[in-house]
Amino acid sequence: MDTAQRDKYWKRNLRLMAILLTIWALVSYGAGIIFVEQLNKIQIMEIPLGFWFAQQGAIITFLILIAIYVWRMDKLDAEFGITEYEDEVRHS
Amino acid sequence: MSSVQLWTLVFVVLSFGLYIYIAYASRVNTTAGFYVAGGGIPAPANGAAIAADWMSAASFISMAGIIALSGNGYGASVYLMGWTGGYVLLAMLLAPYLRKFGKYTVPDFVGDRYSESARLIAVVCAIVVSFVYVAGQMSGVGVVFQRFLGVDTTVGVIIGMVIVFLYAVLGGMKGITWTQVAQYSVLIVAYLIPAVAISQKLTGIPVPQIGFGQIMDELNGLQADLGFAEYTAAFTSTNMLNMLLITAALMFGTAGLPHVIVRFYTAKSVRAARFSALWALFFISLLYLTAPAIGAFSKLNILRQLPGTEEASAPAWYQSWKEVGLIEFTDKNGDGLINFTAATDAANELLINNDIVVLATPEIAGLPAPIVGLVAAGGLAAALSTASGLLLVISSSVANDVYYKRINPQATEARQLLVGRIAMGGAIVVAGYLGINPPGFVAQVVALAFGLGAASFFPILVLGIFWKKCTAAGATAGMIAGLGTTLAYQLWTIDIYGGSDGLFGINETAFGTIGMLINFAVTITVSQFTTKPTEAMQQLVEDIRYPGRSELVAAHAAGELDDDLLHGEHRDGEHS
């Protein structure tokens with residue numbers, strides 16, 4: 001990769017992280033804590049929604065966020081011609 | 001011997017035999033094998049190992065109990081969100097880059113990226129955090145042996161020590177990793193089987209994560225009748241500020257804990273490091289999505305079975321846990337009935353230890369003896385897997401970062417391995433001692449450990465990767481400031497020391513987040529005014545951000561780069 005390509009790669013990586021981490025914060029701190037009482041007025045399958053986010057929804061969202069990250073990074077690497085990963089670094 | 005004891009013995013002997021066989025089959029003779037399993041662990045296996053490493057006796061034995069019994073159900077959500085949310089941070093901010101840096105330990109990264117004095121502070125943090133944790137694991141092992149096999153706690157801890165010694169000293173990280181894969185399997189099966197059975201029994205739905213919605217109304221009703229806050233109500237025991245800060249401290253603490261981070265060095269490649277984080281959270285979520293269900297089911301069963309019952313006619317599980325002192329009953333009004341209300345209520349007569357909920361769940365629900373035995377083996381797997389991961393952090397910090405990097409850089413591979421094994425043996429003895437004589441404040445010290453992780457490591461790791469101009473002086477000052485303020489605040493507010501209410505009512509568990517912010521601020525400020533890292537170091541940090549092979553990163557990982565080139569000519573403490 002030359003310098004221009006590196007810049008492009010890093011910017012796209014940072015943008016992806018910024019989007020995913022925003023969702024991460026909104027779901028856990030937002031839905032699970034700050035807005036929990038408002039969301040609790042809605043019930044889904046007999047569980048108050050805010051309570052559900054705090055106990056299960058946030059965890060499920062985290063899992064999806066990492067899955068999207070892993071998938072998008074694979075695509076990004078492939079776009080920049082990286083397909084070979086094994087043995088790229090030895091340990092000291 | 002009762003049938004429960006017999007089945008427990010069967011499962012314990014079988015699982016212990018398996019662990020030792022695996023360790024024997026994967027024994028090592030290189031330092032890379034001993035510290036990072038040769039860096040060749042495939043992502044799903046690495047994920048399972050991270051999950052077993054991370055989910056300690058606290059997750060397996062205590063968490064469902066905390067959810068069920070600490071006031072109401074919502075308050076314990078800080079643990080559910082906090083201990084899983086950290087993996088998002090790990091996957092995106094740390095894992096791939098640390099893997100590419102290619103070192104053995106967290107202090108190794110800190111020492112290489114910053115300075116030798118920063119390395120020493122990191123070594124101290126890693127060792128303190130690890131010993132604090134290990135003490136909890138070992139006493140967990142003791143409880144399981146005592147309750148299920150009638151063995152004395154001390155003997156139980158010693159059996160645990162011998163088992164860990166055999167597989168950790170023999171196989172190092174490689175043995176530990178594959179053993180942890182087996183331990184994960186044992187613990188998750190042991191956790192899910194009773195949960196499925198109880199869910200089927202109580203709700204007719206064999207999927208506990210879904211079934212638990214069915215009982216919410218009845219549970220809320222029963223809680224309200226007995227004077228507890230409603231199970232699903234928010235902010236009854238913890239206010240919003242503390243909920244936010246504790247959750248954050250646990251998240252950033254998770255992302256800063258050395259025994260989890262070191263796991264990403266064992267991945268095959270940068271891509272495998274990313275996938276390891278995904279697999280790890282997947283495996284963890286199997287337990288973490290089930291824990292709220294077990295908590296709710298157990299609470300419902302307890303509330304149905306105990307309040308208003310005559311003590312003498314209480315169920316068998318009540319009697320057996322009362323015998324070992326984990327259930328306490330004082331008949332305050334002398335009517336012979338169990339009066340169970342909120343713990344803060346003066347009329348409450350019943351105290352149930354959080355730790356019994358998972359272990360007692362199969363009995364409370366009336367499940368057969370083999371399942372009870374399986375759960376005991378699962379609890380042991382959770383405790384031993386975490387203990388071995390922590391012991392490895394301690395031994396590699398001593399053998400690699402202190403002995404090899406500071407005392408004797410000329411040491412041969414065989415010599416380093418020997419020192420690593422001796423350090424591991426010593427650490428196991430200390431851990432066993434702490435397990436038999438646990439400091440009376442284990443729960444609070446664990447909170448302290450998370451505060452330390454968040455306040456010391458997280459900022460300097462993230463800045464070390466994302467900010468090329470972060471300086472050694474900045475990181476050292478940041479670590480000292482974050483760690484110092486957090487430690488001081490915790491000592492000031494923890495009941496047995498200062499017992500103060502602190503500032504704005506901020507809980508001692510919550511302050512790690514503030515300490516982390518202080519660390520960030522100090523590191524950034526000091527870095528503006530101190531000597532920038534060398535060109536080579538800045539280039540190296542930039543190189544680890546991109547995929548593919550870089551000569552500089554490869555040469556650095558192989559230890560072929562000249563130290564003066566990386567750190568400038570006047571590196572502190574070098575060649576001493």
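Here the Cβ of each residue, glycine as well, is placed from N, Cα and C on the backbone.
All annotation found in TrEMBL is predicted automatically rather than curated by experts.
Per TrEMBL, these features apply:
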| type | residues | note |
| --- | --- | --- |
| TRANSMEM | B:6-24 | transmembrane segment |
| TRANSMEM | B:76-98 | transmembrane segment |
| TRANSMEM | B:118-136 | transmembrane segment |
| TRANSMEM | B:148-169 | transmembrane segment |
| TRANSMEM | B:181-198 | transmembrane segment |
| TRANSMEM | B:243-265 | transmembrane segment |
| TRANSMEM | B:277-297 | transmembrane segment |
| TRANSMEM | B:371-396 | transmembrane segment |
| TRANSMEM | B:417-436 | transmembrane segment |
| TRANSMEM | B:442-463 | transmembrane segment |
| TRANSMEM | B:470-489 | transmembrane segment |
| TRANSMEM | B:509-529 | transmembrane segment |
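Within the same chain, residues 148-149, 163, 166-168, 170-171, 175-176, 178-179, 182-183, 186, 369-370, 372-374, 376-377, 380-381, 384 sit at least 6 positions outside the transmembrane segment (B:6-24) and bring their C-beta atoms closer than 8 Å to a C-beta of that stretch. Under the criterion of 3 or more C-beta pairs below 8 Å, with sequence separation of 6 or more, the transmembrane segment (B:118-136) and the transmembrane segment (B:181-198) do not qualify as touching, having fewer than 3 such pairs. In this chain, the transmembrane segment (B:181-198) does not touch the transmembrane segment (B:417-436); fewer than three CB pairs sit within less than 8 A of each other, excluding pairs fewer than 6 residues apart. Counting Cβ pairs closer than 8 Å and at least 6 residues apart in sequence, the transmembrane segment (B:509-529) and the transmembrane segment (B:243-265) reach three or more and so form a contact. Against the transmembrane segment (B:148-169), stretch B:371-396 shows more Cβ pairs under 8 Å than any other of B:181-198, B:243-265, B:277-297, B:371-396.
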